[in-house]
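Here's the structure we're looking at; comments come further down.
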Amino acid sequence: MVNPNEDTEFNDALRAQGILPPKPPSRSPSPDIPHITHDDAVRAIAATADADQLVTLLEGDNLDSDDERMFEEYKRKRLGEMKKEEKKGRFGSLEPLAREDFVKEVTEGSKISPDGELPQGEDDDMDEDDEANIDKGGLKGTGVVVFLFKDSVPLSQHLRPLLHQLAPAHPSTKFLSIPAGLCIPNYPDKNVPTLLIYRNGDMVGNVIAGMGLKGMKTTVRDLEGLLLYYKAIEKPSATLLRQQQRDDDSDLDDDFDDKVGGVNARSTTIRSGGSGLGTGRGQAESDGDSDSDFDL
């Protein structure tokens, strides 16, 4: 009896005559690879390039008119985006605040639109770009962070350099500082430092004595996360994220160097004494404290 599955010359002859069905393929055929056109490739390059890269591409000798037109279009788009970001980045440093300027710089200043031109109060005052920004989840007004400090309070000294780092990383947010007693006479030391956070004319955050932070162990990323929560800033800073990744890599390298070629103290019976750094003042008591303290 003929076995139709056998790979023999006789079966091949039967298949050639149509008596036996064709042999099944030995493996599944490869899926069709979509064809990528030249225009698709050029568009993909242009869409991911920044303005400087597009300028370099336009200086090439082998561009045809269509490629040049596409690169020019994306270059104009990138330059427009850069100008818009420059208009939003009006600040960039931790600046001193005078008590008499509080309403102007903080309450009223937080109502100004991100481009520094139009107040965003009533809908009639908003142009199409403002409305589109809000429709996309953007925030109204300008974020303002007021740092009430006292130099004799250690946590004040710890948070100040962190705010100096955050200010240039978030130039569309206004960072201001003022001595607590100058801003609010007889302001209790137990509440220092305090962060007052405003946006669009309202106080949206009141962080007393480092509440929600990690005391003297607070990092710049911890403080950034708190300001994100209160919408003082719109998104994390890529610069700070890269810096943290570099610091983490450096810590890993240091830890590896400590273990290789030396004595790992954790693997011995020796234990060092003493206590570590404190974690800060924690949450201040709220007796007698209210938002009315900040109605200047």
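Cβ coordinates come from backbone N, Cα and C, glycine included.
Given the structure is predicted, the values throughout are model-derived calculations rather than measurements.
For 1-10, 120-132, 248-257, 286-296, the entry in TrEMBL reads compositional bias 'Acidic residues'. Look at TrEMBL and you will find 21-32 tagged as compositional bias 'Pro residues'. Per TrEMBL, the feature domain 'Phosducin' maps to 134-245. TrEMBL lists 1-38, 105-136, 241-296 with the feature region 'Disordered'.
Mean pLDDT, taken over the domain 'Phosducin' (134-245), works out to 91 on the 0 to 100 scale. Helix first, then strand, then coil: DSSP counts for the compositional bias 'Acidic residues' (1-10) stand at 2 helix, 0 strand, 8 coil.
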